[in-house]
Amino acid sequence: MEPRSLFKILALALCIRPDQAKTNSLVLQFSAPGDFVIGGLFAFHSKVRYEAQPQIPTCYSFYTRGYQRHLGMHFAIDEINNSTSLLPGIKLGYEIHNTCNNVVVATKPTITFLSKYPSDSGLEAQCNYTNYKPRVIAVVGPDSSELSMVLSRLLNFLSIPEISHASTNDNLSDRELYPSFFRTVPSDKNQAQALVQLLRKFHWNWVAALATDDKYGRQALELFVPLALSKDTCIAYEAILPSAQEKSERREQLVKITSQLVESGIKITVVFAQPNQAEELMAVVVERGITGKVWIASPGQSQSNSIISWEDEQCPECGNLTLANLTSLIYQERFYATFNTYKAIYVIAHALHQLLQCNTTSQKCNADQEVYPWQLLEEIANVNFTVESQPVYFSKTGNPPTGYDLVLWSWNATRVPEFISIGSYDALQRELTVDESKIQWHTRDKKVPTSKCSQDCTAGQKRHLRGEHNCCYQCEDCPPGYFQDKNDPNECAKCFEHQWFLEENRTCQERTIEYLEVTDLLPIVMVALTILALVQMAVVTGIFVKYWSTPAMRYVGSFPTLLIILSSTCLCSSCFFFVIKPTVWVCKFRQPFFFISFTISLATLLGKVVQSFGLDQALKRPLLRRHSLALCVLLNTAIQSLLCVFWYLWDPPSLEEKTNMEKTILLQCQDVSFPGFGLLLAYNYGLSVVCCICSFWGNNSQQAQLKTFKAISFAMVLIIIIWTLFVPTYATSQGKFVSLFQVFAGLASVFAIFGSCYYRVCYIALFVPHMNTDSHFCSQPQDAPMEEDADTAEIK
């Protein structure tokens, strides 16, 4: 909307003399004929007095804002009539009445809207009003929610659409009570949400709330107070602004209210008031010299410059509306209500555009089309267009997507009031944005004023309420190991397991996660020993291959040596799973891998002892006797595997976070629980004991097997000692290095087996070849070649 174009319309409309508006208020109206007439209800006066005889209301005190709004309706209708795009060939008319912001005054013109002709004073009686055409097709206004609630009941009788530019009461959203009501201004529900967000934005939780004694003020409190309390904002003082007839009585009550505000120390006051009551309140505040307060005004009075200006005026009836300042009024933010009136007219025009099947290209409308109010009502609910970059449509409850502008009252050097837009509230997103750089706080430090019953508690402190308001409290330190839970500021919660308590700051700190990894010294030693063990196995394998057919290699046997080398290699490989970051699968895999590999080595040695001692002769079948060693290995491996299955069914290994240390979380595998780990360990220990006993019995056997039994006996004794020492050491130790004890025990067992059984044989094969004979080893070749030489036959 072009402000200069609007200025021309306003200038013409101002030709009416204020004294005429004052003396003849009840019949004051503006009208123009048209194909479709729109009714307008605006308050040109704000006050009413009743004459003694008869009881006829007389309006007085010219109301600038109401007059501005009706000019917005004038301008919109003239703009549409002069346009060929929206309603070509169709002329809109209007009939505007003065409501004086009074129900009695506003009811009479509303009733005349229902009649067919201007001369009629009432509604024509009919059995069916479906095809009844009242004098007006729709009504714009009135200025207050109280009037809208009354007048909407009358207009709804004929389903005449009513579009208000200023009625904000949320009850009007009830479609069962007010099915024909729409508005171009947000409801009080959005207002309450915006105000609460504003208070939270500046951390104001100790506020006062004042409201006028009408439906607007009372419902505003009903919506605002519970919402504020739910967001931890306390309403320390709540009052209804006086509505007494006598000005002296109203002033006396206002003095009491302002005194209470001063005594309570409340710095933030939210005011839900009509302009007149707000003006009287602020007049008392200025008169008493009350400063250091922040006043948050609702949209009802926030855009009225009469609230902040109390100088004597040459024309009290005209307020501040003169030809000299008219242009400045147009450019100010408080002109939004007039723009809402402008949008309401365009809503009606767009609905008529659809009903009349208007064509923008041909610039024609179906002028013969009959349009009834109920048809227009249905079409208004579906309008969707944009005006001045603002979307215009209605929800199912008749509410627009319109939000609010946050306006700051300011005074320049000449004490002329200015309105500065510093933010906005998006009703669709329910989000408030504020440009704090535009705000100049009038405090000593030029910072945001504070309004709290109690200062915020520091970290590690909880609130102890000391009154009926949840904003008044004392701060108490939480006990050691506890922190202040933001979800419940009145209680202390224990630090989580992944946190540790810092006494100096009284806060919970995140623990560092630790696990066994190669960067530490002991794991480096373990890896080095594991690599050494793997190297020794590679060397033994190479020697075994090179000297395959020599007596030394036949002495140790090809099949047992191969099994021991493979199983020991697997055992050493499993050690690397102890020095990587634990996962669920690592925890489930490493212990069975370790113990089954160790079982194969022990079972191989046991089978060799049994075979050499002749115990395999107890087996009746020759096939079993020939493969007794393999049978021993398979049988023991199967038993150990079944124990692993039992472990996984009973209490399988898992990944755990140990928090018994102060500042760290130890990430490790929980894979040593009883009975699983104990059974696997006990079974291998038992194999070692049985093998040791059998090898000692074999010491009394023939000379041929004596050295074999001694080597195995020595290895088993070492293994028994190693694992006997392991159990108490492992059980009494803590920390991330504990699992390395098992690794070191396993590596020591590998070195014991190879050192006892293979080092001497490999040494003879490499460095003392003349001793690499069957006579030296005093044994029958265990894996005799297919063809024997003469020396071997002679020894036999």
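From the backbone N, Cα and C atoms, a Cβ is placed for every residue, glycine too.
All TrEMBL annotations are machine predictions without curation.
Look at TrEMBL and you will find 522-781 tagged as domain 'G-protein coupled receptors family 3 profile'.
Annotation comment: TrEMBL describes 1-21 as signal peptide.
Annotated transmembrane segment per TrEMBL: 521-545 (among others), in sequence order. Through the fold, the transmembrane segment (521-545) approaches residues 553, 556, 558, 561, 565, 568-569, 572, 575-576, 578-579, 737, 740, 743-744, 747, 750-751, 754, 758, 762, 765-766 of its own chain, all at least 6 residues removed from its boundaries and within a Cβ separation under 8 Å.
Among the features that TrEMBL reports, transmembrane segment is placed at 557-580 (among others).
The feature transmembrane segment is assigned by TrEMBL to 592-610 (among others).
The transmembrane segment annotation in TrEMBL covers 631-650 (among others).
Per TrEMBL, transmembrane segment is recorded for 680-699 (among others).
Look at TrEMBL and you will find 711-731 (among others) tagged as transmembrane segment. Away from its own ends, the transmembrane segment (711-731) comes close to residues 602, 605, 608-609, 672, 681, 684-685, 688-689, 691-692, 695-696, 699, 738, 741-742, 745, 748-749, 752-753, 755-757, 760 of its chain (Cβ-Cβ under 8 Å, at least six residues beyond either end).
Annotated transmembrane segment per TrEMBL: 737-761 (among others), in sequence order. Sequence-distant contacts of the transmembrane segment (737-761) (same chain, six or more residues past either end, CB-CB distance under 8 Å): 516, 520, 522-523, 526, 529-530, 533, 536-537, 540, 552-553, 555-556, 561, 564, 568, 571-572, 574-575, 578, 594, 598, 601, 605, 668-669, 711-712, 714-715, 718-719, 722-723, 726, 729-730.
Long-range contacts of the transmembrane segment (592-610) within the same chain: residues 557, 560, 563-564, 566-568, 570-571, 573-575, 577, 616, 628-633, 635-637, 640-641, 644, 680-681, 683-684, 687-688, 690-691, 694-695, 698, 708-709, 712, 715-716, 719, 742, 746, 749-750, 753, 757, each at least 6 residues beyond the stretch ends and with a Cβ under 8 Å from a Cβ of the stretch.
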